[in-house]
Structures are given as structure tokens and as C-alpha cells.
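Asker: Pulled from TrEMBL, these are the listed features:
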TRANSMEM  288-310  transmembrane segment
TRANSMEM  354-378  transmembrane segment
TRANSMEM  384-409  transmembrane segment
TRANSMEM  421-445  transmembrane segment
TRANSMEM  457-480  transmembrane segment
TRANSMEM  511-534  transmembrane segment
TRANSMEM  540-568  transmembrane segment
TRANSMEM  580-599  transmembrane segment
TRANSMEM  611-640  transmembrane segment
Amino acid sequence: TFSCSTWMLRGSHGAVLSHSFYLPGLAPVSFCEPGKDEQVPDCRSEIELFVNRLDSVESVLPYEYTAFDFCSAPSEKRPSENLGQVLFGERIEPSPYKFKFRVNEECSHVCTKNYNTEKQEEKIKLDFLKKGMLLNYQHHWIVDNMPVTWCYEVEASQKFCNPGFPIGCYVTEASQPKDACVVNTDFNARDTFYLFNHVDITIFYHVVENEAAGARLVTAKMQPRSFKHTNSDHPDCTGEPMGINNKFTGELKVAYTYSVKFVEDKNIRWASRWDYILESMPHTNIQWFSIMNSLVIVLFLSGMVAMIMLRTLHKDIARYNQMDSVEDAQEEFGWKLVHGDVFRPPRKGMLLSVFLGSGTQIFIMTFVTLFFACLGFLSPANRGALMTCAVVLWVLLGTPAGYVAARFYKSFGGEKWKTNVLLTAFLCPGVVFADFFLMNLILWGEGSSAAMPFGTLVAILALWFCISVPLTFIGAYFGFKRSAIEHPVRTNQIPRQIPEQSFYTRPLPGIIMGGILPFGCIFIQLFFILNSIWSHQMYYMFGFLFLVFIILVITCSEATILLCYFHLCAEDYHWQWRSFLTSGFTAIYFLVYAIHYFYSKLQISGMASTILYFGYTMIMALIFFLFTGTIGFFACFWFVTKIYSVVKVD
């Protein structure tokens, strides 16, 4: 089983990892030549190629393989998808591409598609294919649960292996080749689409010694090609590329073909077969720079907090505890003076307690999910596992949400416990579900594969209403049953007047400043996460992410404690909402960064895609707001309880 650091350092140290087992829960499959598979148990000769949904960096809408007019397999049973795959729009289907182990094939004919632009149905299919090429939609093929990759050279002789390859490409009216058209000088006719109707597949295998009979597949690579076959029924894979003029009318025949060859590779082990994809993503150095940058911020904040706790507070407490007379106390100023008001219930205590309950649920869910991801259980090979794990954990963590919300609502002096429980169970999840449902309606309207089937939608509602809600009620029952949280000092009957505040101790400037440092710790990691979601790049650096998660928790806590201390010294005792919003404001910076990312990094076009991007971003921002806000509140609550518990109060 992988440790946190091992999974984190895959890619740059593949050779070191070749002796470790690849992933818990995934067993290797052995392959034999035809004829030998009957003699050797658990050994297959037929290799199946599966196709996944097609996606594009220029559109948020993924489409099923069958939405385009490609060669399709006769009705075979589709592999079952887990909840995470369905939520991410993955639709894995069998394909007509079938190979026999170690049987090389040259220019094998798969099928021929005919188009007549005078027939409306066929014209629509051809136009949709052109749209796919124009928006650079990418195929995603799978062999033995690993992606079939297209490897090509980028700048400085760096090789990049893409786990997808384009349908085709387009040369503009100004003879400007777009996307994959730059790879071939033959793609030069203006206002023409070039369809990749042939693939050269190379499958690398490793013969297993001393373990079991047969071989294991370690790499599957391909090169997309375009051929205008002279005889579409008996293609020879030679000649000029398959160009389709944008203004083409008449009849068109497109023959789809493939070649496959098998190559033995003694250097790559099954355990490290994903490494070549991960190595082609030069992220590791940037990640370490990000971690070092974050650690400097943490050390700076830790130094500030330590100085306050050890020097200033220690002196203050010693001085306050040595006072003998009321006159001495009246001459004093600072945080000691508000001891009779510091635990006064906040305004809108109901809403704050509900946010704290939901935030606790999200915090535990994130921690456990990242922990499992670190152990390798939720790697890219285990498709959809990350999202499935997060959703299931969220459903099961209704009890801590109900308990925390009820406990704090009771300590705020609240009595409407039924309203509190219902809001905890339905407010935040309801907002997320409403947003998600609206996005799903748009996806349904566009015919996208990311549109969740009605049955899955009902299943998610059942998980929420039948498991999460009852667990929230159970948690709330135990929270209300316990006695209210005992505060170290008594609250005065009459609220103390808060003096005139200077600019930097006013609520808004403090809240805005408080979110800057936590965001500074995560924004580089955020770039890679957004890339994996919107640019369809593989995310595998969970070790780094877990480290950044810990740094974020520490930074949110320390920044909130610092600002909380300054406000208490300014005799402003309204710390509850302020501590939540100070940390929670990191989500506003996240939102601003997501808008910047949309306009500077993405080439997304179309109203539907834009609405979907910002709709899903709002869900992420809300979850992040509750998560960071809860961290800030608990840190400040601990700090305030700690400092007032050691002060002698008459």
C-alpha cells in the first residue's frame, strides 16, 4: 500500500516505486496468446478497448461516445459506473475495437460511415462531427483500466503524454491550422476539417517472471492519423488526409481503420505503469515551491501568535491577576475589560450554529477523503472513487453536523431547537442541491453526458433524506441533551458600549485582510485543481494536497486568532461572526481567482458552458466558505476560552 509521500513522489521517482504494489483493490490481469488462454487459468487472450465520454477544454459539456457518429459496438453490456463517475459525466462503453494478445494487425477496417448532405438526418450528424472538431473534442480510450495515450513533443524536447486524442482539427479560412492540425503540413486546405479516422495503437507488455503465467499490459500508446481511403470497403491506409470542406455538399464516405502492434518492455513494471503519464506533467518543482511559500507564511504567523501568547498575553495575565483594587482595574484597558461581554450570544446565532454544523461535516469529510487519497485508494486508476468517497462520507457525517449545530445553538441561548435541526439538515445541502439541479437542467437541455440520469438524482435524494437527515436529527438530539457549554467567565446583564474603532480594527477591513494569508497558501495548488476539473488534466498529487490542507488549517487558525486578539484589545467583543467571516473570506478570494482563471486560462465559449462554469464554481465557493469559516471560529473559540480561563475575575 502506498504511503502519503510515495504517492506524492510518483512521477519523479518511478523506478524506486516499481517494487511496491500499485493500488489497493485493483488486481493485475494476465494475458496470453490465443490458444494458450485455455491451458492457463485466469489468462485472457482478447483485449477489450473501452471508450469514455468526449470532452473539450473549449466547452464544459462532455458528450457520450454514441452522441457522435462513430463506429459503435453491437449492443453489449456496459460496465457499471460508480456514483463518482456518474457525477463527473463519465460514460464508459464497449467499443468495436477488439485485439488478440500479441497478434499484430495492419489497417484493419472497423466500419464505413456514409453521409449525404441532402438528407437532413445525415447532415445533422456531419455538422455535429464538425462542431466536435472545431471545439477540439477529445476521445478517451481505455485498455486494461489504463488510458490509451497520445504522446508528442512539446517545447525543449519535452514529451507530453495526453490521456486523450482529438476527433480531428480545423484549418481556418485564413489558412491558420488550429489545435492538432499543426502536427502535419499536409493539413493545409483552407476552411477544411481533417478527421482522424485511423489510429496506430502500440501496446507494451511485460512478461511476469516467477509469479504467474502470462503477461501484463504496462502501456498503451497511439498516434491519430487521417487517410482518405481510395477504397472505403478495402482500405489500405495510404494517400492524402481525410479533409472535409466546411461548405461541402453531396455524398461522403468515411472509413474508420486501426493498426495494432505489441512490443515487449522489460523496464516497466505493472506497479509503475502510470508513471510515464505523470512524469510528462512537470509539476513537482512548482509544488515544492508552493509548499515552501506556504511554510514561510505559516512560520511568520506562528511567530506572531507565539509572541502574543508568550510575551504580551503572559504579561497581561500576570498584571491583571496582581491587581488589588477596583481603582487599578478601572485604569486598565484592553481585552480584560470585555470579560463580562466576550461570551455574549451573537446576533443571528441560529444561522451561525447551522453554518458551524455544516462546516464541521465538510471539514471531517475533506480530512478523511484526503487521508484515503494519500494511501492510494483514490488514485486516477480507481475511476470516480474520489467523488464517491466524498459523497458517501458527507451523507454519513450528518451526526457531527447536528451535534455541533445543536451544542452551539444551545450555548448561544437559543430555544427553537426544531428550526435549528431542520436548517442544519436542509439549508446548506439544499442550496447546493438547488444549484446542482439547475446546472443539471442545462446539461439535460444540451444533451450532455454530464447530465445526471433521473434515477441517480432520486438515489442522491434518497441518500440525503433517508440517511443524512435522520443522522443529523440523532446528532442534534445528543447535542441538545448535553448541558450548555460552560464559559470561564460570567456574562453581564447590560452590554458594554464598544468605543470608537480605528480603521484597521473595524469589522470589514479585518475580515478582508484575514482571508489574504490563507489564500496565499493555496492559490498555486488551486491552479492544479482547477486544471484537473476544467482542462481535464489528471490530478494525482494528493500528498501535496494533504500537506496544503494541513497548512491551510494552521494558517486560517493563526490569522483569525491574531485578528481576534487585536479586536479584543480594542474592546470589541463581537468575535463570533467576525472569526467565521475572517477565515471564510478566503472563499471570496477563491471566487475572484476562479473568475480570473476563466478569462485568462480557459477558452470556453458558449452561454451554456459559461453558466455551468460559474454555477459549479459557486457550489465550490460555498463549500469552501463553510469549511474555512468553521476552522476560524473554532480556533478563535479555543483562544478566547483559553485566555479568559486563566484570568482572575472578581
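Every residue, even glycine, has its Cβ placed from backbone N, Cα and C.
TrEMBL does not curate its annotations; it predicts them automatically.
How buried are these features, and what lies next to them?
Answerer: Residues 517, 520-522, 524-525, 544, 547-548, 551, 554-555, 558-559, 561-562, 565 of the same chain, all 6+ positions outside the transmembrane segment (288-310), place their C-beta atoms under 8 angstroms from a C-beta of that stretch.
Using a Cβ-Cβ cut-off under 8 Å and counting only residues 6 or more beyond its ends in the same chain, the transmembrane segment (384-409) has close neighbours at 81-88, 90, 349-350, 352-354, 356-358, 360-362, 364-366, 368-369, 372-373, 377-378, 417, 420-421, 423-425, 460, 463-464, 467-480, 482, 485.
With a threshold of 8 Å between CB atoms, the same-chain residues lying at least 6 positions outside the transmembrane segment (421-445) that come near it are 61, 350-351, 353-355, 357-358, 398, 401-402, 405-406, 451-452, 457, 460-461, 464, 468-469, 472-473, 476, 608, 611-612, 615-616, 618-619, 622-623, 626.
Same-chain neighbours of the transmembrane segment (457-480): 83, 357, 391, 394-407, 410, 417, 420-421, 424-426, 429, 433, 437, 440, counting only residues six or more beyond its ends whose CB sits under 8 Å from a CB of the stretch.
Long-range neighbours of the transmembrane segment (511-534) within the same chain, counting only residues 6 or more positions beyond its ends whose Cβ lies under 8 Å from a Cβ of the stretch, are 57, 60, 283, 286-287, 289-290, 293-294, 297-298, 301, 504, 541, 544-545, 548, 551-552, 555-556, 559-560, 563, 578, 581-590, 593-594, 597, 601-602, 604, 613, 628, 632.
Residues of the same chain lying 6 or more positions beyond the ends of the transmembrane segment (540-568) and with a Cβ under 8 Å from any Cβ of it are 4-11, 274, 278, 283-284, 287, 290-291, 294-295, 297-298, 301-302, 304-305, 308, 313, 334-335, 338, 342, 366-367, 370-371, 373-374, 378-380, 504-505, 510, 513-514, 517-518, 521-522, 525, 528-529, 574-575, 578-579, 582-583, 586, 628, 631-636, 639-640.
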Asker: Is the transmembrane segment (611-640) packed against any residues at least 6 beyond its ends, judged by a Cβ distance under 8 Å, and which are they?
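Answerer: Residues 60-61, 342-343, 352, 355-356, 358-360, 362-363, 366, 428, 431-432, 435-436, 438-439, 442-443, 514-515, 518, 534, 552-553, 556-561, 564-565, 568, 575-576, 579-584, 586-588, 590-591, 594, 598, 602, 604.
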